[in-house]
């Protein structure tokens with residue numbers, strides 16, 4: 001059964017022969033060409049699942065061919081073959097939309113694996129997704145049960161102007177939820193004003209919130225409206241409300257009770273109609289117990305509580321969020337959006353993400369710029385992501401997380417200049433497997449050999465080689 005169609009274009013007949021033989025042996029249907037013009041002629045009647053093109057060819061070179069193919073068949077993955085001296089050209093190929101590049105001389109198994117990835121990616125693009133990704137203009141993405149609860153609350157409050165308190169760790173998207181609450185409310189056409197309590201010096205918070213009269217303090221040369229007046233008729237979002245000083249909390253409570261306030265240095269009351277949405281990453285109940293937050297203000301704000309889960313509690317959303325952020329980053333940078341290899345998606349879902357959705361978004365921006373190929377592989381992920389990926393208790397590790405951790409170890413070792421990684425890693429891997437199998441069989445060697453897929457003589461030899469006799 002054919003697994004896909006691969007086309008090969010190279011003016012070197014030996015390269016064409018080697019690749020055709022390897023890919024045909026892997027179950028692919030192959031067609032070879034000597035020039036880019038031959039490929040373009042063939043594309044008028046049929047289309048492969050992947051094209052491998054040399055970068056240096058007489059007449060039309062690989063980059064010119066790539067450019068024309070992307071204009072006619074933008075989804076067709078093109079793998080550029082290049083000598084080591086052509087790395088600058090390979091970068092240009094990525095910029096023009098190459099799926100990946102294959103450096104010469106290449107390992108034939110790696111070449112087949114790369115072609116397989118490209119074909120899988122292409123064929124997946126041809127099939128409709130069960131759950132279409134929200135466009136980059138969509139505000140909140142989430143299919144996890146905890147996020148569905150958030151959506152239900154937003155829906156139920158769509159006809160209300162009641163106060164809402166949003167709880168969640170930093171980076172979980174509290175301001176996005178506040179925007180959504182405003183946009184789906186009767187106040188949607190009125191202003192949405194946001195103010196971060198933690199970002200304002202304490203001596204300026206009152207002026208920011210309530211405004212000031214001319215001459216109220218040094219530098220107050222004109223009358224200034226505060227955030228409450230700016231948000232009149234709409235919504236005022238007070239982020240990090242837990243950092244609000246106690247004296248300002250008292251004034252805020254009065255505004256919420258009376259609907260009016262005085263500007264700093266003013267004597268005439270200012271009446272406003274404002275909906276308050278507050279957010280914090282702190283435990284406000286604990287702040288109340290510690291005397292750092294007014295209990296009456298807490299109850300005034302805590303009419304409806306929305307809890308935003310950390311990213312580690314909604315792992316099923318991570319692949320979709322990552323694809324969404326890759327689309328946004330590509331749009332911002334004016335490039336084609338990167339694609340995630342399935343193993344990369346799995347690796348992302350295993351990570352701790354202490355910075356939550358914001359950290360994932362920044363990672364996707366980084367990958368859009370720094371990932372080598374059009375498809376993001378696990379080795380493309382920044383190494384610092386894995387520093388928090390290993391659980392304190394090894395028994396908590398997911399079944400296939402060892403592969404990601406092994407890849408990360410190899411990446412660090414290579415960056416440090418290590419060589420002969422296989423000779424270093426293989427004995428440790430075999431020792432671990434042997435120890436585990438022998439423990440599982442209570443030291444019964446023949447049974448341990450069977451579990452490992454070895455013969456008894458092989459196990460005996462390994463025990464001797466590894467000094468485990």
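Backbone N, Cα and C atoms are what each Cβ position is placed from, and that goes for glycine too.
What you see is a predicted model, and the numbers here were worked out from it, not measured in a lab.
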Q) For the record in Swiss-Prot, which of the ranges 425-444, 445-464 is the DNA-binding region one? A) 445-464
Q | residue 174 (ATP binding site): tally of other CB atoms within 10 A of its CB | A | 23
Q: Determine, from DSSP, whether residue 238 (ATP binding site) sits in helix, strand or coil.
A: strand
Q) How many Å separate the Cα atoms of residue 235 (ATP binding site) and residue 54 (4-aspartylphosphate)? A) 59
Q.
Within the DNA-binding region (445-464), what mean pLDDT does the predicted structure show?
A. 82
(Q) A 10 Å Cβ contact count, applied to the recorded positions 54, 232: which residue has the minimum? (A) 232
Q: Reduce the DSSP letter at residue 174 (ATP binding site) to three states and note it down.
A: helix
Q. What number of additional C-beta atoms lies within 10 angstroms of the C-beta atom of residue 235 (ATP binding site)?
A. 24
